[in-house]
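Some notes on the structure that comes next.
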Amino acid sequence: MKFAEHLTAHITPEWRKQYINYEEMKAMLYAAIEQSPSAELVEREMVTRYFAKFDEEFFHYCDKELAKINTFYSEKMAEATRKYGSLRSELTEALEMGHPKKLPAWKRRTPLGKKNVPARKIQDLKLAFSEFYLGLILLQNYQNLNFTGFRKILKKHDKLLSVDYGARWRTDHVEAAHFYTNKDIDRLIQETEQAVTQDIEGGDRQRAMKRLRVPPLGEQQSPWTTFKVGLFSGAFVVLFITVVIAAMFYGFGENWRAGMRMFRAPFLIIECLFLWGVNVYGWRSSGVNHVLIFELDPRNHLSEQNIMEVASVFGVIWACCVLSYIFCDPLGIPQYAAPLCLYTLMAAFLLNPTKTFHHEARFWAIRILIRVIMAPFCFVNFADFWLADQLNSMVPAFLDIPFLICFFGRSPTWHKAGKAASHCVEYVSLLHPIVAIMPAYFRFAQCIRRYRDTKESFPHLVNAAKYATSFFVVIFAHKYHTTTDTYPLSKENPWFYCWITAAIFSSCYAYTWDIKMDWGLFDSKAGDNRFLREEIVYSSTWFYYFGIIEDLILRFSWTLSMSLIEAGYIEGDVMMTILSPLEVFRRFIWNYFRLENEHLNNVGKFRAVRDISVAPMDCSDQTTILRMMDETDGVLNRRRGKAAGGKSATKKNKQEQRLLLQGESIEDLCS
C-alpha cells in the first residue's frame, strides 16, 4: 500500500485538516519536475536557479505544515494532560472513599471493586479511562503518521531532484520539532495503563488491557461474515422475485388486506435495517465517524456487514413466511401461522436476554428506544432523536401493530380469518389518528425537552412546531374520512380542504428544515459547491443534488397517492404498501447528509472521542458548558467578572498551563 493510501485509511477524520498535506506536497514535486526547463535547451545555471527557487517555496510550505502540526499537537497534549489530572483526581477520591484517613496509604489503595464505591462511579471511571486512552492512542498515531509523512515526502524530494537537502532539512527541523521530540504521550499512555491495572482492575494487566485495547485502524471484515452476507442477500433476492410472481398469479386470498398488513411492517423493518448497513458502509468509506456521533463503543460495535447479515437473514425468513402464507393449502399448514411465526422470531431475536446474537447492540437499541418513548423525561442525545426520526418514516408499521394484536386476539383459528379481519379494520380505523401521531409526538417531546435544557427557542421550539404540523395533518385526515357519508363528494367536504392545506404546509416546512437545518445546505458561503455548503464530505456533488430533488419528490408523494385513491384507480392499502418502502429509502438518503452535517460540527471542534464526565453533572451545569463552548472564547472569558486578584490569577493560570517537563510525571504535576 502506498503511503498516501495508508495515510487516508489511518487518519482521525475529525483531525483531517491538521495532518501533513502529503498529496499536495507530492503534487508540488511532480509539477516541478514536469515544468522544469530541459538541460539540453537551456544553460545549466538556469536549471539550477529554477530548482533553487522551487526548493525555497517547497521548504517554506514544509515550514508551514510543521508549524501547524506542532501547534495542534501541543494543544491536544495540553488538553490530555488536564484531562488525565482530572481523571486521576476522581480516581484518588474514589480509592479513598469509605476508608478512614488515619489508615496507611497502602491499606487505603485497594482495587475499586473491593471497596465501598458505588457501582455507577466504578463504571463511569472505567468508561472515562477507556475513552481517554483511545484519545491518547489517536494522538500517538497522529504523531507517528506525520513524522512518517515528512520522512517519505523529503525522501521523495531528494530522489526526484538528486539532492540531499530533504534529508538535511528533516534532521534540522522535523527531528528537532516539538511534536516528535516530546515523549509525554508515551508517558501518559504508560501511566494510564498502570492506573487502570493497579487501581481499577486490581493488578490484572490482561483484564486492564482488554478494556483499554484499541482495535487496529482499518481492520478488515471477517471473510466468513462477507460470505454469509452474500449468501443470504442472494437468497433473499431470488425469494423476493418468487414472492412477487406468486402474489401476481395466486394472490393473498380473499382477505388480502389482512395478509398485506401482516407482512408489511416486518418488510419495512428489514429494509430499514439493510439500508442502515449501507449507510454505515458509506459513512466509513467517506470518513464520517458514525461511531463517535452515536457514541458507540469504538472497541465493540457492529460493522456494516454485521447489520446487513441480520437484515438478509430475516429477509429470507420473511420471504419464506410469505410463500408459506400464499401456498398454505398445498402445504397443509395454517395460513396465519406463518406471520405469527415471523413476528415471534423477530421479537425473540430483539428481546433475547442471553449474551448471544450481538447482545450489546440489541440492548443498546432497546435502551435508545425506551429513551425515545420516555422523551420528555430524559436528556436527549443524538442517537435518541436520530432513532425517533427513523420511526417517523415507519408510520405504516405502527399502524399495522394494533391490527395484528386485534386479529390474533380475536381469531379462533389460524386457518381462516373469519370476521376477525373486517372487525379489526374498523377497530384500527378508530385508533389510526392516535397511532399515526405517536412518532411525531416523540420528536415533538424531544424538542420541548431540549428547549427546557438549553433555553434556546431556536432551533428547538421551531423544530417542535414542524412536528406539531403533523398532528393537524392526521387530525384533519381522520375528520375527512369519518365524514365521507355526510359529504359524498370530496369537494363538498370542508375537512378535505383543511387536510390538503395542512399537508402542503407540513411538507414545505419539513422539506425546508431537511435541506437548510438538518443537512446544512444552501449555505451563502458555499463557493464552488453551488447551493450546497463550503465543505462537503462525499466525493460527488451530484449526490447532493440528487438528494435535494429526491427529498422534494418523496416529501410530496402523498399528492400522487391522494389523487389516485380519490380517482378510484388504486386501493389505499396498496398505495400505502408501495409508498412506505420509498419513504424508508428517502430516510436512507437523509441519513447520509444528516450525519455528514453532524460530523462537520465535530471536525470544527476537533472532537474525536466521546466526552465522558465522571463527576455528577446536572442539566444546568451541562447547559452552561454547552453555551460557553458555543461562544467565542467563552470558556476563557468566564472569569472576567472577578475583580479581586483578576490579573494575578490569570497570570498564575497561564503559568500552570504547561506541558510535562522531561522526566516529570503527571502525578508530580497534579500534586
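Counting begins at 1 with the first residue displayed.
The backbone N, Cα and C atoms fix where each Cβ goes, glycine too.
Per Swiss-Prot, the features are as follows:
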SITE      TRP558  site 'Gating residue for phosphate transport'
TOPO_DOM  1-228  topological domain 'Cytoplasmic'
TOPO_DOM  288-300  topological domain 'Cytoplasmic'
TOPO_DOM  329-334  topological domain 'Extracellular'
TOPO_DOM  375-379  topological domain 'Cytoplasmic'
TOPO_DOM  520-538  topological domain 'Cytoplasmic'
TOPO_DOM  610-671  topological domain 'Cytoplasmic'
TRANSMEM  229-253  transmembrane segment
TRANSMEM  256-287  transmembrane segment
TRANSMEM  301-328  transmembrane segment
TRANSMEM  335-356  transmembrane segment
TRANSMEM  380-413  transmembrane segment
TRANSMEM  416-455  transmembrane segment
TRANSMEM  457-488  transmembrane segment
TRANSMEM  492-519  transmembrane segment
TRANSMEM  539-570  transmembrane segment
TRANSMEM  571-609  transmembrane segment
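Across the residues of the topological domain 'Extracellular' (329-334), the predicted structure has a mean pLDDT of 85. In the three-state DSSP reading, TRP558 (site 'Gating residue for phosphate transport') counts as helix. Counting every protein chain shown, the number of other Cβ atoms lying within 10 Å of the Cβ of TRP558 (site 'Gating residue for phosphate transport') is 19.
For the transmembrane segment (380-413), the list of distant contacts is 258, 261-262, 264-265, 268-269, 272, 293-295, 334, 336, 339-340, 343, 365, 368-369, 371-372, 420-421, 423-425, 427-428, 431-432, 435-436, 438-440, 442-443, 446, 449-450, 453, 576-577, 580, 583-584, 586-587, 590, 594, 598: same-chain residues at least six beyond its ends, Cβ to Cβ under 8 Å.
The DSSP breakdown of the topological domain 'Extracellular' (329-334), given as helix, strand and coil counts, is 3 helix, 0 strand, 3 coil.
In this chain, the transmembrane segment (492-519) lies out of contact with the transmembrane segment (301-328); the count of Cβ pairs under 8 Å, excluding pairs fewer than 6 apart in sequence, is fewer than 3. Simply put, out of 256-287, 539-570, 571-609, 539-570 has the most Cβ pairs sitting under 8 Å from the transmembrane segment (492-519). Counting residues 6+ beyond its ends, the topological domain 'Cytoplasmic' (520-538) has Cβ neighbours under 8 Å at 282, 286-288, 544-545, 548, 592-593, 596-597, 599-600 in the same chain.
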